Amino acid sequence: MGLARSFQNLLLVLALSSAAASGEASRRFWVENDTFWKDGAPFQIVGGDVHYFRIVPEYWKDRLLRAKALGLNTIQTYVPWNLHEPEPRSWEFKGFTGIESYLRLAHELDMLVMLRVGPYICGEWDLGGFPPWLLTIEPAIELRSSDSTYLSLVDRWWGVLLPKVEPLLYSNGGPIIMVQIENEFGSFGDDKNYLHYLVEVARRYLGNDIMLYTTDGGAIDNLKNGTIPQDDVFAAVDFDTGSNPWPIFRLQKKYNLPGKSAPLSSEFYTGWLTHWGESIATTDASSTAKALKRILCHNGSAVLYVCHLSLFISAFHLHFLSIILFLNEICIQMAHGGTNFGFYNGANTGQNESDYKADLTSYDYDAPIKEYGDVHNAKYKALRRIIHECTGIPLRSLPPEIERASYGLVKLQKVASLFDVIDNISDPLKVAFSEQPLSMELMGQMFGFLLYVSEYQEKHSSSILSIPKVHDRAQVFVSCSHGVLRNPRYVGKIERWSSKTLQIPNLSCSSNVSLYILVENMGRVNYGPYIFDQKGILSSVEIDGIILHHWKMHPVSLTAPGNLSKLQPIIQMTDAQASEVSIYGDSENKLHDVSFYLNEGISEEPAFYEGHFHIDSEFEKKDTFISFRGWNKGVAFVNNFNIGRFWPVKY
């Protein structure tokens, strides 16, 4: 009896396995008769970009549910190479980099995925997603080309990434219906051999069933240079809300194989990016909805590629809150944008590489799902209504609001001057000496700051400092060379985008003058011809026309700023020497009711400030914002987590 029952159970298991295999085999996504098809039925893609690396993992599900409630059936995301291989052959796939977990979560929520694996992604992300260590290779490699060294590194990267992706393809039971090759290559070059090679590698790991696609701007030259229909790669287009979509879709059809040109805007811009110093970019909700209606109500497909100055802090980074500020300044396309945490924001250039504009920490993008998750706004409501009207996708109930709380003012005290602790925060193994300044990348300092130190002989009058090429922002200090370094004198800044000379006053030193140049990497260029964007001092440095030699370079490590207070370089400060920031639950209201200030007692040098407050219970742990009104420029850390840069004086 027991054997019979076991045999029956075994037959049942085999039957279920066979049925499951048969069910998976029927899963298919393809394009035919200029229409997308899924499992034998026509399918309209209603998608939106939601980037896993711009959201704390604890809120991935929340943001995806808000995207689904908008009416989206598909999520599109980039895969930034620099996050996953921060050092050669050092792979990261956990936490913010846990792409497999993110894709499985999308699948659990019954959402499809369009995956943009690069290797170049743009995305307003540092170096367009390329790891900065690529810039250290000699001879210099040519990015986004058929350069053999570059291709071998892409092959190695995809050899790690794509096997992780393959089990999650739609035909294998996962959510991924399309995989993008490169990104907007037609706006950059016309190296078809490069694109063909990427297709070959992708097919090697992903097979022939997955639909590969390219994305290019909806103009003839872009599509001519960036598409490869002969490789059976689908050509999608992108354009803004002011464009008439259907002439562009007709042009798209010329760059796809016959019958394989379902109209798809894979980047339908619901907002736009913002650079430091610019007015926050916004787009009108009504006009955005009307533009989307022109696509969806005529059976086209679209992916929504969808700035707030207060920095948003997730509740998952609160509880015992330690705020460390490094104050280094002394004076749709998104459905959901998110945040450029840490130093990963990108930058753009104009006519030349000196016309440099770095992106904000915020990547709110004026998307329908705001940076902090808000969906009670005109744009979200208008797009949700249009999606329902055009597609018939049922209106789902909205996820509950995320509670926010105000925690008031936090007093910050100076715990260290940069010059007091430079030897403690610079890895002695990475401090270097050189006749000429070295780039940050050659120093192994891929992000943040690098301090350059040299000496020169003082004249009786003032001197002129010239740095022909600095990327991106240099603060200059001087002191007499003898004695202990304390509070060197600040003399000004030299910026990539402005004047390259600086007058240095006479210090009347009995010895040489020590010159300190603190250079900030404000984000590598992510788009255009100048993406090979090394950082630091990239030229000789001259005083009154004489080239300075004998440089000492200190990488400024900001990996664990919370340890600085243990050094106790500052004995104790009075209340008059402290300054404050405000922790507010509302991103827009009440800020005008409170004054924020940086007190006059603060030293005129780069320094670290620290403050603490306690949240007593889980019940009180809520999302919040931190305001730096009255501060100048710096970087904020919460419990050693790098929230990003702040620069309110720019506004």
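Glycine too: its Cβ is placed from the backbone N, Cα and C atoms.
Taken straight from TrEMBL:
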type     : residues : note
SIGNAL   : 1-25     : signal peptide
DOMAIN   : 36-308   : domain 'Glycoside hydrolase 35 catalytic'
ACT_SITE : E184     : active site, proton donor
ACT_SITE : E267     : active site, nucleophile
DOMAIN   : 331-389  : domain 'Glycoside hydrolase 35 catalytic'
DOMAIN   : 437-556  : domain 'Beta-galactosidase 1-like first all-beta'
DOMAIN   : 606-649  : domain 'Beta-galactosidase galactose-binding'
Counting by DSSP, what is the helix, strand and coil composition of the domain 'Beta-galactosidase 1-like first all-beta' (437-556)? 0 helix, 55 strand, 65 coil
Within the domain 'Glycoside hydrolase 35 catalytic' (331-389), what mean pLDDT does the predicted structure show? 89
Helix, strand and coil residue totals from DSSP for the domain 'Beta-galactosidase galactose-binding' (606-649) stand at 5 helix, 24 strand, 15 coil
What is the interatomic distance between the Cα atoms of the residue listed as 'active site, proton donor' and E267 (active site, nucleophile), given in whole Å? 11
For the domain 'Glycoside hydrolase 35 catalytic' (331-389), the DSSP residue counts stand at 12 helix, 15 strand, 32 coil
